[in-house]
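Summarising the annotation, TrEMBL assigns Fe cation binding site to H151, H215, H286, H491.
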Amino acid sequence: GHLPSWLQGILLRNGPGMHTIGDTKYNHWFDGLALLHSFTFKNGEVYYRSKYLRSDTYNCNVEANRIVVSEFGTMAYPDPCKNIFAKAFSYLSHTIPEFTDNCLINIMKTGDDFYATSETNFIRKINPQTLETLEKVDYSKYVAVNLATSHPHYDSAGNILNMGTSIVDKGKTKYILFKIPPSVPEKEKKKSCFKHLEVVCSIPSRSLLHPSYYHSFGITENYIVFIEQPFKLDIVKMATAYIRGVNWASCLAYHKEDKTWFHFVDKKTKKEVSTKFYTDAMVLFHHINAYEEDGHIIFDIIAYTDNSLYDMFYLKNLSKDFEENSQLTSIPACKRFVVPLQYDKDAEVGSNLVTFPSTATAVKEKDGSIYCHPEILCEGIELPRINYDYNGKKYKYVFATEVQWSPVPTKIVKFNTQTKEMLHWREDHCWPSEPVFIPSPDAREEDDGIVLTCVVMSDPKEAPFLLVLDGKTFKELGRAIVDVEMHLDLHGIFIPEKDLKTETE
């Protein structure tokens, strides 16, 4: 096929790549050492390269020829040859875990720089052209967080908004929303953007020792949307995990009898909306988009009724019959919530406060809190992306992978949230990754552009490829076949040529 002539830049992807070091193996797929890979588009041609992230974790493990740094699903223990004092000290120092810098989930843009990210307090700067690993940044030096998401948002001024959890800091556990500017004032050229990091607001956790786990959050023109779900980290268990010989993932528990709470923070006042909004227990990883209309916040997420997704990816479950045998006990549902910010305060108990045409409801309870019930837009999609120019605005299209009852995606879909129409791309033995939408330079409509996805083959004899689809028709424009072993990855970004510093800069 062929590529549109305007497609110039780099598609940068991140995900777990190495699961065995020496005689040791990681327990969980999400623990593998980060492997970066890129597709560079230049004058109608595509160049591929890949490189392991040279994190401190990678270097320590490779040097020791075994896993010596703990990951979320794999606890590493001191070398049996070490003396007893070193061992005892190691046990004690693990109460507040020294987290890994194996940043394997996503890529974040900060001004002109790019960072590999995961969910700990560390991020690693990388060169998007050579995939070289550069300095390590520790968020906790600039803001009191132990964990941070890998799904930041970018506003029109180029600021990054992200969220992290501050665990039992000064006797409180809270979720912190922070902002990183894209550049620093001229006179402080030597300083990093992180020195100007600003805390927008903090939301106290409903429980000191059981903060909610979250992987992403939502943003509208005027509000931040944060969901406190009953999928929680047990801090005491986490502090003793090392001594008990279990991994940190076992300290996550889903409390299906609890509620899921919605928090809305006003960006201008930096205050949380005081009304209590909630829904039934659910587990979510990905927000799709959120926007405001007629005094309501509308937000779309992908939610599960349990946490079976994480368990599926323990490597012992990823056998050769994985596709046939693995069944999620909960299929992902794309849910739309409609939350009335302005409503009649004298409305009767039991009345639906949504005054906007939708099957989603928001019902006033006796204690003044509001119970929200979603509209199900569709089922069986994951790794959602949108045309980011429509982030926080009313939008139509979601580009995603289709997963159904098996967690391995077999199709790429384009879903219209308004008409519920779905277009598919699929081929036998193909496992596509998260689709990335790139608008064309003269785009007039939301789906004017192309969709890129890396496709791995379940048949090892067939070569993987980069697939290019037309954003409107979802027909294949072309593919670039890569004659290397490529891994399923997690997330990534497209960097237009204009955002790439030339080597001399």
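Cβ atoms are placed via backbone N, Cα and C, with glycine included.
Caution: TrEMBL annotation is automatic and unverified by curators.
Applying an 8 A CB threshold to same-chain residues 6+ apart, the list for H215 (Fe cation binding site) reads E119, T149, S150, H151, L284, F285, H286. Less than 8 angstroms from the CB of H491 (Fe cation binding site) sit R13, N14, G15, I105, N106, I107, S150, H151, L383, E434, each of them six or more residues away in the same chain. Same-chain residues with CB within 8 A of the center of the H151, H215, H286, H491 CB atoms, the Fe cation site residues themselves not counted, are I105, N106, T149, S150, S216, F285, H287.
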